[in-house]
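> Here you go, one structure.
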Amino acid sequence: MGYGEEAVKEVTTPEDAPSGYPENVNLRGGFCRLPPAGVEISPAAVGLGPYSPSVQFRTQRLDQVFATNFRVKAAMKNSVLLSWEIRDKNPAQPFTILYGKGQSVEVDGKQTQKLITGLEPDTQYSFLLTNRANSAGGLQHRVTATTAPDILKTKPTVVGKTNADGMVTVQLPTVQTTAKVRGYYVVVVPLKKQRGGKFLNPWEEPDQMNLDELLKEINRTSVSRALRIRRQASQSDPRAYVTAHFKTLPQEFTLGDGRNYGDFRNRPLLNGQEYVFFVLALLDLSENTMYATSPYSDPVTSSDVDPQPIVDEEEGLLWVVGPVLAVIFIVCIVIAILLFKSKPDRKRAEAEGRKGSFPCSKAMSSHHPTDPVELRRINFQTPAYRVSVYRGYRRLSSMASHPPVPISEMADHIERLKANDNLKFSQEYESVDPGQQFTWENSNLEVNKPKNRYANVIAYDHSRVILSSIEGVPGSDYINANYVDGYRRQNAYIATQGSLPETFGEFWRMVWEQHTANIIMMTKLEEKSRVKCDQYWPTRGTETYGLIQVTLLDTVELATYSVRTFALYKSGSNEKREVRHFQFTAWPDHGVPEHPTPFLAFLRRVKACNPPDAGPMVVHCSAGVGRTGCFIVIDAMVERIKHEKTIDIYGHVTLMRSQRNYMVQTEDQYIFIH
C-alpha cells in the first residue's frame, strides 16, 4: 500500500468457508494514517492461500476535508438556507453547490452559509457541496431538503390610513393548510430611502431575503424580553424585525400599537418611513426548520409630519420669563465685573485664586484650548428634539449634559450603562447628535457620483479633502474623504471609503498631497462574499495609479493584522516617500470583536510607526464610517489619557459626526469603544 509497502489486515471467516481465493470481502472500518496515494488491496486466506483479484482506490489527503457539518439551516417556500463549518487551517478555495436539474452556484471559500433561491414550493431537493476538483475528483457533501408548502398565498392588506401615533390596521392572509403550524410571526421591513427621496424594496419576495438574523431573533430563547425590545428599538441600521407572534393567526391586527405580542414589541411606525410587511409561519413538517411566507404587503407610510412636542403651561411660561431672567443675569455680570475691577490688586488676586478652583472656570477651558471636542462643547449645542422610536419625538441630550468621565469613575460609569441589558448604553447612543444638517453638493455632482462606493455615504462639503485640480478634468479635486479631528489636533485623521478601481489614482494622490505616513485599513477585501474594498496596492513589484507610482517593499502577516511598506514616487518629482499600510483582519463580518486585546495591540503598532511630523492618518473600512469611527475614537481617547485623567467618548463621537456622516454606525460599536 502507499509507496510499495505491504500491510496485512487479518479477517476471520468461518471454518467451513469454501476453498479458493476470497470473494466479495467487505472490510468495515478503514486504513488510518495512510499517505495520499494509490492503494491496492488483495485479500488472501490465512497462510499460503491464493490472493484474490486486487481492488484499487485512492486515499484522500486530510487537508482536503474542506468542510464539515453540511446541513439545512432553514427551508422556506422558495428558498433553502444551507450552512457548514470550514477547517481553520485550509486555504480558502471556492466551493460549488450543485442542486436541482444541473443548477450550481459558486461560494466563497471563507463563507459558511448560502441562501439558495428560486426553488419550487413543497419540492424535495438534493444539495451537493464540493470543493475544487483535484486529481482524485474533489470531495463532496450531500444533504436533502423539502421546501415549505405555499400555505399563505395572499398578501396582507392595509385597512385605512396610518394615524398620528404610528398605528395602522391590517388584514392578515388566510391560512390554507391542515398541517401543524407551530406559530405565526408578523415581520416588518423598513424600506431604504434613495437619494431622490424614493423608497426601494431590494427583494421581490420575502424568501429572497437572508433571514438568518431574523431566524436567530425568533429562535433566541436565552435573551430577555427587555434586551429583545431594546435591540428592536435601535434605528441606527433599520432592518427587518418581528413585531408580533401568534399561536393562531388573527384576521386583523393593528400594526404599531406599542403592545407586546409573544416576546416581541409591536413598536410604532416612524414618521416619514415607508414599510412593507409579511407573515412568516413556522411549520412542524420535517426535521429541518421550515418556514412559509406570505407575499409582501403594499408599502405603507406613516405620516411625514413630525408631531410637535407637547408644552405645558409651566414650560410656556418659561419662554416668557426666560429672556427676562437672562437680561437680568447679564446686567448682574456687568456690575460684578465693574466692581471686580475696582478692588485692590490683593483682593483681585484672591478672587482669581478662588475662581480658578471651580471646575467650570476659564482656567479649565484653557487647560486644553486647542481641543476640538471642547471647542465644540463650548460653542455648539445639539437640537432640542429629534424623531423618537416610540412617541414621535424625544429630547436629545447635548454635549453639555455628557461631560468627560474621570478615569477613576470609568468602571462604575460603564456598569451603570450596562445595567438592564445595556439600556442606558442604548439611550446614550441614540441621543448622540446625528450631525446630518450639512451640505454635500460635491458628492452629489453627476461627475462624482460614480466615485462614491455607497450612495448614502457622502463627504460633507465643509470638511471634505480637496485634491489639487487637474486641468481639463472635471471633478478631479474630489474624493469621498473627510478630515476628522483628534485629541488636541485638528485634521488628525482622514476618514475615507474603501477604494474603488476608478478612485485608485485619487486615493494615492491624497496620500501624497497630505504627507500621510500611515494608512489604516479596517476591513478585508471581501466579507460574506461581498466586495468591501478593491485592492488599491500592488501584490508584488510596482504599479502606477494615476500620477503616483507605488512599489511594494515588504509585507509582514501576523495573526490579526498585516503590515505592508510601500515606496511612493510622483510623476515629475524625484522625491521618494515611504508609507506603511496597516490592515486589521480580526474584525468579524458581523458585530464587533469579542475581545479588545488584538485591536489594542494593532493600535500600539500603528502609533509606534507614525512619525510626529507626519500628515493625517488615512483610515478606511468599506463605507469609512463604522469601524473607521471606532479606530479614530479609541486612538483619540488613548491619546487623551496620556494628558488628562478623563475620557470623552460621547463628545468625540458627536464631533466626528459633524465632520462625516454616520460615524460609529451601530450601538455595538459604541459599546465596544468603551
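Even glycines carry a Cβ here, placed using N, Cα and C.
All TrEMBL annotations are machine predictions without curation.
Annotated region 'Disordered' per TrEMBL: 1-21, 351-370, in sequence order. Taken from TrEMBL, the feature domain 'Fibronectin type-III' covers 66-150. Under the heading transmembrane segment, TrEMBL lists 317-340. Annotation comment: TrEMBL describes 425-674 as domain 'Tyrosine-protein phosphatase'. Annotation source TrEMBL lists domain 'Tyrosine specific protein phosphatases' at 600-671.
Please situate the listed features within the shown structure.
DSSP assignment over the domain 'Fibronectin type-III' (66-150) gives 0 helix, 45 strand, 40 coil.
Restricting the average to the domain 'Tyrosine-protein phosphatase' (425-674) gives a pLDDT of 94.
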> Treating G and I as helix alongside H, and B as strand alongside E, what does DSSP give for the domain 'Tyrosine specific protein phosphatases' (600-671) in helix, strand and coil?
41 helix, 6 strand, 25 coil
